[in-house]
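Colleague: Submitted below is the structure of interest, expressed as structure tokens.
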Amino acid sequence: MTTPRWRLILNGKSAGNDELRDAVGHWRGQGVQLEVRVTWEDGDAERYVAEAIDHGVDVIVAAGGDGTLSAVAETLAHREELADALPSLALIPMGTANDFATAAGIPTEPKEAFALIGQATPHAIDLLRVDADGTQWWCANLASGGFGTQVTVETDAGLKKMLGGLAYVITGIAKLGRIEPITARLSGPDFAWEGDFIALGIGNGRQAGGGQQLCPQALIDDGLLDVTVLPELEGEVTATLGQMLKSGTQAALEQLATRARLPWLEIASERPLTLNLDGEPVQARQFRIECVPGRVRMHLPAGCPLLGG
């Protein structure tokens with residue numbers, strides 16, 4: 001039997017985690033050839049993924065939050081090989097919010113998350129390809145704009161380390177009453193929307209910003225992206241955002257949002273618009289976002305809510 005070869009790409013912020021260290025030791029004891037690489041700066045994930053492919057690794061394990069997952073997935077997506085010819089992808093949730101992992105039902109314990117590699121045949125999943133004023137990006141989970149993006153971008157790193165997802169809520173409450181709507185034009189196949197919005201979600205996955213379920217019905221294997229637009233609500237803004245922060249976005253979105261499910265979406269804004277791509281703020285006036293079906297293969301739990309079949 002061939003020895004399993006896994007490569008762990010670990011966000012440097014979690015390098016001292018004892019549970020992860022124990023999990024690595026456990027799987028090495030089970031006969032897995034498991035090497036660890038730690039990211040400290042931009043470009044590390046790309047370099048480590050290329051190295052893993054050159055070494056013939058079977059599985060690349062991203063250990064970190066949504067940004068780490070996205071960085072590894074983006075590097076795989078940039079490759080010329082098809083998904084079947086690339087290493088499969090696994091995730092150990094170790095970020096602040098872990099939005100993708102939460103929605104997918106991936107265990108938070110490192111040893112259990114590692115176990116999915118052996119228990120679950122990898123599924124082909126979609127990724128979002130984003131063109132921002134001519135520059136290409138990839139997004140594994142969700143692109144968001146408006147209020148949620150401002151909260152995520154402006155939340156203090158120290159606060160996130162101390163309070164986890166609660167830090168986003170505190171920052172959001174502090175910003176209530178200071179939210180300026182964004183004017184944009186959105187278009188896609190048989191879809192057009194123009195006006196002022198306070199929140200925008202384009203989902204491969206379902207949630208971002210520490211649990212904001214902007215695209216609650218999104219699937220990562222349907223070849224489509226889910227769009228949710230929350231328009232400007234004039235005098236109701238503060239009350240509505242307060243409800244979203246206290247009880248989650250679901251109730252407010254059901255009544256107020258415009259939704260669509262599309263293979264691609266174009267966004268045009270007269271002023272520079274910031275989209276948060278899995279934690280990476282990207283600013284442009286013109287965006288084109290496409291769902292690329294089955295771009296990578298990922299180990300996910302049985303009954304994963306993000307899979308349609």
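Using the three backbone atoms N, Cα and C, a Cβ is placed for every residue, glycine included.
Since we're looking at a predicted model, the values are computed, not measured.
Residues annotated as domain 'DAGKc' in Swiss-Prot, with sequence analysis given as evidence: 1-134. What Swiss-Prot records for T39, G65, D66, G67, T68, L69, S70, A71, T96 is ATP binding site. Positions annotated as Mg(2+) binding site by Swiss-Prot, on the basis of sequence analysis: L219, D222, L224. For E280, the entry in Swiss-Prot reads active site, proton acceptor, with the evidence type sequence analysis.
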Colleague: Greatest CA-CA distance (Å) over the residues T39, G65, D66, G67, T68, L69, S70, A71, T96 that the record ties to ATP?
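Modeller: Result: 17 Å between the two most distant Cα atoms.
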Colleague: Long-range neighbours only, meaning 6 or more apart in sequence with Cβ under 8 Å: which ones does T39 (ATP binding site) have?
Modeller: I9, L10, N11, G12, A45, Y48, G64, T68, A71
Colleague: Reported as an integer number of Å, what is the Cα distance between E280 (active site, proton acceptor) and L224 (Mg(2+) binding site)?
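Modeller: Counting only the Cα atoms, the answer is 22 Å.
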Colleague: Restricting to the same chain and to sequence separations of six or more, state which residues have a Cβ under 8 Å from that of L224 (Mg(2+) binding site).
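Modeller: In sequence order, the residues whose Cβ lies under 8 Å from that of L224 (Mg(2+) binding site) (at least 6 apart) are R261, L262, P263, C291.
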Colleague: Expressed to the nearest Å, what is the distance separating T96 (ATP binding site) and D222 (Mg(2+) binding site) at their Cα atoms?
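Modeller: Counting only the Cα atoms, the answer is 28 Å.
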Colleague: Beyond the listed site residues L219, D222, L224, identify every same-chain residue whose Cβ lies within 8 Å of the center of their Cβ atoms for the Mg(2+) site.
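Modeller: Result: D126, A218, I220, D221, G223, L225, D226, R261, C291, G308.
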Colleague: Which residues does D66 (ATP binding site) neighbour through Cβ under 8 Å, counting only same-chain ones at least six apart?
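Modeller: Those within reach of D66 (ATP binding site), by Cβ under 8 Å and sequence separation of 6 or more, are G95, A97, N98, D99, F100, A140, N141, A208, D278, G279.
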Colleague: In sequence order, which same-chain residues at least six apart have a C-beta under 8 angstroms from S70 (ATP binding site)?
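Modeller: Long-range Cβ contacts: W138, C139, A140, N141, L277, D278, G279, E280.
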Colleague: Over all shown protein chains, what is the count of other CB atoms within 10 A of the CB belonging to T96 (ATP binding site)?
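Modeller: Within a 10 Å radius of the Cβ of T96 (ATP binding site) lie 24 other Cβ atoms.
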Colleague: Which three-state DSSP class does T96 (ATP binding site) fall into?
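Modeller: T96 (ATP binding site) sits in coil per DSSP, no helix or strand.
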Colleague: List the helix, strand and coil residue totals of the domain 'DAGKc' (1-134) as derived from DSSP.
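Modeller: Secondary-structure breakdown of the domain 'DAGKc' (1-134): 57 helix, 36 strand, 41 coil.
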